[in-house]
Amino acid sequence: MQPMKSKKLYLALIIGVLLAFLTLSSWLGNSGLVGRFGVWFAALNKKYFGHLSFINLPYLAWVLFLLYKTKNPFTEIVLEKTLGHLLGILSLLFLQSSLLNQGEIGNSARLFLRPFIGDFGLYALITLMVVISYLILFKLPPKSVFYPYMNKTQNLLKEIYKQCLQAFSPNFSPKKEGFENTPSDIQKKETKNDKEKENRKENPINENHKTPNEEPFLAIPTPYNTTLNDSEPQEGLVQISSHPPTHYTIYPKRNRFDDLTNPTNPPLKEIKQETKEREPTPTKETLTPTTPKPIMPTLAPIIENDNKTENQKTPNHPKKEENPQENTQEEMIEGRIEEMIKENLKKEEKEVQNAPNFSPVTPTSAKKPVMVKELSENKEILDGLDYGEVQKPKDYELPTTQLLNAVCLKDTSLDENEIDQKIQDLLSKLRTFKIDGDIIRTYSGPIVTTFEFRPAPNVKVSRILGLSDDLAMTLCAESIRIQAPIKGKDVVGIEIPNSQSQIIYLREILESELFQKSSSPLTLALGKDIVGNPFITDLKKLPHLLIAGTTGSGKSVGVNAMILSLLYKNPPDQLKLVMIDPKMVEFSIYADIPHLLTPIITDPKKAIGALQSVAKEMERRYSLMSEYKVKTIDSYNEQAPSNGVEAFPYLIVVIDELADLMMTGGKEAEFPIARIAQMGRASGLHLIVATQRPSVDVVTGLIKTNLPSRVSFRVGTKIDSKVILDTDGAQSLLGRGDMLFTPPGANGLVRLHAPFATEDEIKKIVDFIKAQKEVQYDKDFLLEESRMPLDTPNYQGDDILERAKAVILEKKITSTSFLQRQLKIGYNQAATITDELEAQGFLSPRNAKGNREILQNF
């Protein structure tokens, strides 16, 4: 690679010197300072490039320098920029040729193109080349350049078009956007038609004026015209006269439905007869014979209304006697038409009643999104829990919710206007990145509002995941979590925090119907979901829980809520707790409650001993369960009274900081935790393990495999989120109890908000419990110093030292890691044993290579 770089540098220097000489020749060619070659090159350059000959070579040198700085000059971006520079030079050559008639290259191209596109086409081509070059070189999207001007131009042309129509068409009225033929529009049209008819009645008709049908070139064929002769009118036909009546009487305007309700109105046959009598006899020239056509049933109501309007003008002529057959036929026609009118009126009324309330169509969403009040996936998880009546303890009173503060709720969910505005901002921002789609559902809760976005079929989900920061900036949100895709759905979940968050109280969850009816004694109150409904889980079905969260994420609040929910469900003889608190302050408030099996453990060494004691208790329980041939703790406790043995209480180990325990004990802490997690479920042993640092060295593969159910509050990085949840998203949580939960057997994550309980409330509950019963610690779990794992063996007769010597003499290997693997102990203890063997003279100090030699045998 080094020779290649040197060759590239030498080539660049040679080209640079050559271009510098040619540039000076173009500038100083006529002075003779650059010799004959310089004079010749200057004339040649000016001949082909005109006035651009003074800048074309420096411009070329600059472009070549940019290519030299690029590692790979054949990428798409570099070729695109090269095309931009080339188009810019060509446009300048064309422009120079058109304006100054300079440069052979521009003149040749101009003379070639002029016969085809003319001068106007040349200027348009130059403008197009300049614009494309500008967009390529400055990386501007065409939308940001043209769209503002296109919108303004479009609006201006629309306004000019409307003004022209108004100027040349007096009856023009701009169309209103919306839905036509509503009941109000029909009423307005009828009122307008009535006014026009009254105006026509007031103006006298010019007798010399001819109707359009009388002019040969204006005659319009009418399908309902019929021949007017002395024959009787045919049934089902309408007679239309081309001559308006010269004598008529104006009657007051009537309601079009009066004929159906008022029996005093003249019948239809009288109106038809009077209309026929007042019409003059037409000539043969004015008649247009047509083939009689039957009236369609759907047109009957319309024609009837028109006949009523025409027949309101009745002349004062005596009535003629009519044939009884004609009267019978006309009565039948009248009855049939009235029935059709009534049926159509009923249909119109039903359509008007069933018509939805239309709102103006917005360009953001074709359909208004559905507001969801309950999540189906959460309901399915909650339905899988056990519910029923819970037996109250006989000699113990469970704490009441009256010990907790009263719930003071305030509605912090977004209103519809704010949700619509967020939807509009969200869709407009997505469309700027060419991501089309629509919002189909929304979930509004106490902390966040979730929008389910259905992208277009051509949109990749990975493109949406990378827009969380851009969307957060657009919506002025603290952080946005994008869940893509949601398993089992064709949508992407976009969770946006509310402007005001609601405090979720523990009392509200404990008083909920879900918690009260849950029959499991290990029910945990996790909080509320994203729509504000309470959410609980059963620790027996988890069966262990791994919790992670940074400082201020609400991890301690969530753990306290779980402990309090266990204390609200269980008396001391049914539940025992082992609390490990390396920080010495988190669990100190629970000191000396009767549910504790040991005092609160703050020393990591004693914590490892307690975990080993729990593992031994697990083995003891399994041996007894095997003796009585039962598989679970529930079956054993049911048979305990008949077998004359004591029932097993549930034993829960709560570890506040796993990182400190792993740092101190290492494998000694990891093995008992993994062993309890693997086998403790059936014997009633469960783990709740919390940590602030979910790194790989803390949450090892062995622990992670055996703790499938996890809760993650806000963490620092995506890597921490993937360690605890196997996916990212926890880094985008809001803190203050906002968490993600992986329920057993469910696909995906559940976002929850942990309930809050103050220290005063916890003290009240603890005092209430301690007032009923005193604590009794189990001596088997209180390990003495002699039974603790040794970190500094200091005597010759120690078994572990003898085992270490035997292994070293057998394998002839003295490394610390070898002892760790063979003795199955932690690295720190193995290093301590090695140092002790060196102090006893069994091993030599490390040599230059870091190895030790065996100095003595048994």
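Just so it is clear, glycine is given a Cβ too, placed from its N, Cα and C backbone atoms.
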Exercise for the section: Quick one: sort out which of 74-94, 557-577, 641-661 is the transmembrane segment according to Swiss-Prot. Expected result: 74-94
Fill in the blank from the handout: Around the Cβ of Gly552 (ATP binding site), other Cβ atoms within 10 Å, all chains included, total 11
Problem - For the domain 'FtsK' (532-722), the mean pLDDT of the predicted model - result: 92
Problem - Cβ atoms near Ser553 (ATP binding site) (within 10 Å, other residues, all chains) - result: 25
Fill in the blank from the handout: CB contacts under 8 angstroms to Gly554 (ATP binding site), restricted to the same chain and 6+ apart in sequence, sorted by sequence, are Phe713, Arg714, Gly735, Arg736, Gly737, Asp738, Met739, Ala754
Handout entry: For Val557 (ATP binding site): DSSP state (helix, strand, coil)
Key = helix
